[in-house]
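One structure below.
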Amino acid sequence: MPLVALGVADLFNFVDYSKTSLAISAAAIAFNPTFWNIVARREYRTKFLTRAFGGNSQVACYFLAVTIFGLGLVRDFLYERALRDQPSHPLLEGTYVKYAAYALLALGNLLVITSTLRLGITGTFLGDYFGILMDGIVTGFPFNVTSAPMYYGSTMSFLGTALLYGKPAGLLLTAWVLFVYIIAIQFENPFTAEIYAKRDRERAKAAGTGKKEL
């Protein structure tokens, strides 16, 4: 079959939807942000993790960080396994596609790594929910490029991997990753903003009380 006849519109005919690994990968992608949002909100409201670690919120946050990181490794393994089970498409096997794949992987990892360095472990892994708040909003790179560099950087890495393997199923799963992350942002950003707003209200109240006492 001529390459031109295949066409871009034919890409998703090269997805084998019967493969269990595809569904498992999609489930893992959705599970991770759902898990950490549920656990972090429960921690914020009940301090159940902090109490489990003897009242040490720092250690509790590191425990959640290790858990999230581990789940991320499992998710990535399942994604790669799903891609290996899928057919490749000739349009995704060219040299320039490989160049684009490496560029996406490099840029995606740059966004993830630099945002982690900017925020630190507790800032990256939901320390706000443990009462470990940052002094102010981080505005330097990569946060001057996007407000969610870890999410978009991760999405770029998924896309880069899909192109590197030449798998249309990877493109489909990448779209799912982006959708899941956008939904997660809608839940996380307002909640995190309210945590800091509450901190600011409490500081203002304490400052006002101090002035009255003077």
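Any Cβ shown, glycine's included, is placed from N, Cα and C.
Nobody curates TrEMBL annotations by hand; they come from automatic prediction.
Summarising the annotation, TrEMBL assigns topological domain 'Lumenal' to 1-19 (among others).
Long-range contacts of the transmembrane segment (20-39) within the same chain: residues 49, 64, 68, 71-72, 74-75, 78-79, 81-82, 85-86, 126, 169, 173, 176-177, 180-181, 183-184, 187-188, each at least 6 residues beyond the stretch ends and with a Cβ under 8 Å from a Cβ of the stretch. What TrEMBL lists as transmembrane segment is 20-39 (among others).
Feature annotation from TrEMBL assigns intramembrane segment to 20-40.
What TrEMBL lists as topological domain 'Lumenal' is 41-52 (among others). Within its own chain, the topological domain 'Lumenal' (41-52) is flanked in space by residues 60-61, 63-64, 129-130, 191, 195, which lie at least six positions past its ends and keep a Cβ under 8 Å from the stretch.
Annotation source TrEMBL lists transmembrane segment at 59-79 (among others).
What TrEMBL lists as topological domain 'Cytoplasmic' is 75-101 (among others). Note on the topological domain 'Cytoplasmic' (75-101): mean pLDDT across this stretch is 95.
Positions annotated as transmembrane segment by TrEMBL: 99-117 (among others).
In sequence order, the list of same-chain residues 6 or more apart from A106 (S-adenosyl-L-methionine binding site) whose Cβ falls under 8 Å from its Cβ is empty. If you look up TrEMBL, you'll see A106, L107, G108, E188, N189 marked as S-adenosyl-L-methionine binding site.
Look at TrEMBL and you will find 123-165 (among others) tagged as topological domain 'Lumenal'. In the topological domain 'Lumenal' (123-165), the DSSP tally of helix, strand and coil residues is 23 helix, 0 strand, 20 coil.
According to TrEMBL, the transmembrane segment annotation covers 129-152 (among others).
With a threshold of 8 Å between CB atoms, the same-chain residues lying at least 6 positions outside the transmembrane segment (164-184) that come near it are 11-12, 14-16, 22, 25-26, 29-30, 33-34, 37, 79, 82-84, 86-89, 92-93, 97-98, 101-102, 105, 148, 151-152, 154-155, 158. The feature transmembrane segment is assigned by TrEMBL to 164-184 (among others).
TrEMBL lists 187-214 (among others) with the feature topological domain 'Cytoplasmic'.
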_Residues of the parent chain within Cβ reach of the transmembrane segment (59-79), under 8 Å, 6 or more residues beyond its termini_ = 21, 24-25, 28-29, 31-32, 35-36, 39-40, 43, 49-50, 52-53, 121-122, 124-127, 130, 132, 158, 161, 170, 173
*Near the transmembrane segment (129-152), which same-chain residues lie under 8 Å Cβ to Cβ, leaving out any that are not at least 6 residues past its ends?*
40-41, 43-44, 49-50, 57-58, 60-61, 108, 110-112, 114-116, 118-119, 122-123, 181, 184-185, 189, 195-196, 199
*Would you mind checking how many other C-beta atoms are within 10 angstroms of the C-beta on E188 (S-adenosyl-L-methionine binding site)?*
21
*asked:* For a quick check of packing: other C-beta atoms within 10 Å of the C-beta of G108 (S-adenosyl-L-methionine binding site), how many?
replied: 22
*Per-residue Cβ crowding (10 Å cut-off), top of binding-site residues L107, N189*: L107
